[in-house]
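Before any comments, here is the structure.
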Amino acid sequence: MYQKLALISAFLATARAQSACTLQAETHPPLTWQKCSSGGTCTQQTGSVVIDANWRWTHATNSSTNCYDGNTWSSTLCPDNETCAKNCCLDGAAYASTYGVTTSADSLSIGFVTQSAQKNVGARLYLMASDTTYQEFTLLGNEFSFDVDVSQLPCGLNGALYFVSMDADGGVSKYPTNTAGAKYGTGYCDSQCPRDLKFINGQANVEGWEPSSNNANTGIGGHGSCCSEMDIWEANSISEALTPHPCTTVGQEICDGDSCGGTYSGDRYGGTCDPDGCDWNPYRLGNTSFYGPGSSFTLDTTKKLTVVTQFETSGAINRYYVQNGVTFQQPNAELGDYSGNSLDDDYCAAEEAEFGGSSFSDKGGLTQFKKATSGGMVLVMSLWDDYYANMLWLDSTYPTNETSSTPGAVRGSCSTSSGVPAQLESNSPNAKVVYSNIKFGPIGSTGNSSGGNPPGGNPPGTTTTRRPATSTGSSPGPTQTHYGQCGGIGYSGPTVCASGSTCQVLNPYYSQCL
């Protein structure tokens, strides 16, 4: 992910503490999700969401005077990191009226521009296990499924659902001066080592703060916050990408200045994290008709779809989709010597060889990334626009001086003049993304949890399961690879699974070698 959101406000408080204020009550919007077992039985979990601390009103502990206004700090309340943490506190959130965030049962809607006393742009939220703890997921050996509606997201917007290795308590146990914690959305980190965070590790980030030249609400401080990141879904109605980002140190850690690397630093590759990742964007890989708005695309983004991501114990990452009762595997990619549809070591090596760069492998690749997915990761759901690169890295030609003949440069059909945040906020303020029907469990468990129908769709009278062509073997017939499709209504590919796996029915339209 080239940048994780242009942020709005901050957090903290007394006695060098990161504490909470009481002028606005903090009530987390409820959100249910499902935990599934290997037999395909899923049980409802009662959760909630919390907005990130950077969006919150930060004011004096003894008054409503702003500690941070626009993109600058109060020189009186915040002359340095320690004094600022002592003088300022983080307040509660009016989720719907201020931030455009609403929930209903298992559905979360995030609006783009919300106008209340002030203008708010986008949001970043975390799934909660309790009122004071983020929900953690161990991805390795499991699969994660959700429904998403990106129909209202034009070029330049990013409805991102992803995981990061941030602390479940928001950093409270590591940094005792942080008493606000997960209840108020503290402790964020990602592979860009963001420096636009107002406070990190219970300390202010005011020293060295430089207000943004093109964003009236943000700036960059002297510190950043790093950790591993798994981008399950970065998407709008035009393009989508799946991207793991390893770090040499898995969990959250603070960094200094340009040595942070990432989007916010002069030396992009100077930090401990991989800012580029090993991405799987079907359009970038040459399949320009797989994903987009309208019936001419395999996946029609004018309609809701289900996204299922599987994390093999080998470290490989697999993906399939369901829409209108039809299951679609990730389309095959032909990249150098690589041919297949699994994001594995061979694919990532081929991508670096063909598209350039070595950041992913330099930071340990999938072997290092497994250290993150084998531990707890926090679920993040967001909507944002990009003041650094106009989201062209997701949905257009990037860098903009490249052409269609440059391998990997074309990532989507959007114009290189699209995605300008000021224009988006003016022309598409009502844009939104909706995430729903979250399920998590062992590989093969989430697709059969709705009474035998594919997740996210109703079984039509007659359907076919579309999949990319696979190579065929000699008699007695082709063999499907582990985790490949091996059956389903309308399916005509290999039905015999490779040694060590068997063909298991997940729903009438999709069977998989497990």
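Every residue gets a Cβ built from N, Cα and C, even glycine.
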### Swiss-Prot annotation, disulfide partner among C189, C227, C247, C348 for C273
C247
### Query
If Swiss-Prot marks one of N81, N448 as N-linked glycosylation site, which residue does it mark?
N81
### Query
In the same chain, which residue numbers or ranges, 6 or more beyond the ends of the region 'Disordered' (401-427), come under 8 angstroms Cβ to Cβ?
6, 112-113, 119, 121, 154-157, 214-215, 238-239, 241, 281, 283-284, 288, 292, 351, 354-356, 385-387, 389-395
## Note on the structure
Across the region 'Disordered' (401-427), DSSP yields 7 helix, 1 strand, 19 coil
### Query
Around N81 (N-linked glycosylation site), how many other CB atoms lie within 10 A of its CB?
23
## Note on the structure
Using a 10 Å radius on the Cβ of N287 (N-linked glycosylation site), the other Cβ atoms enclosed count 17
### Query
For N287 (N-linked glycosylation site) and N81 (N-linked glycosylation site), what Cα-Cα distance in Å is obtained after rounding to a whole number?
49
#### Entry: N62 (N-linked glycosylation site) - helix vs strand vs coil (DSSP)
coil
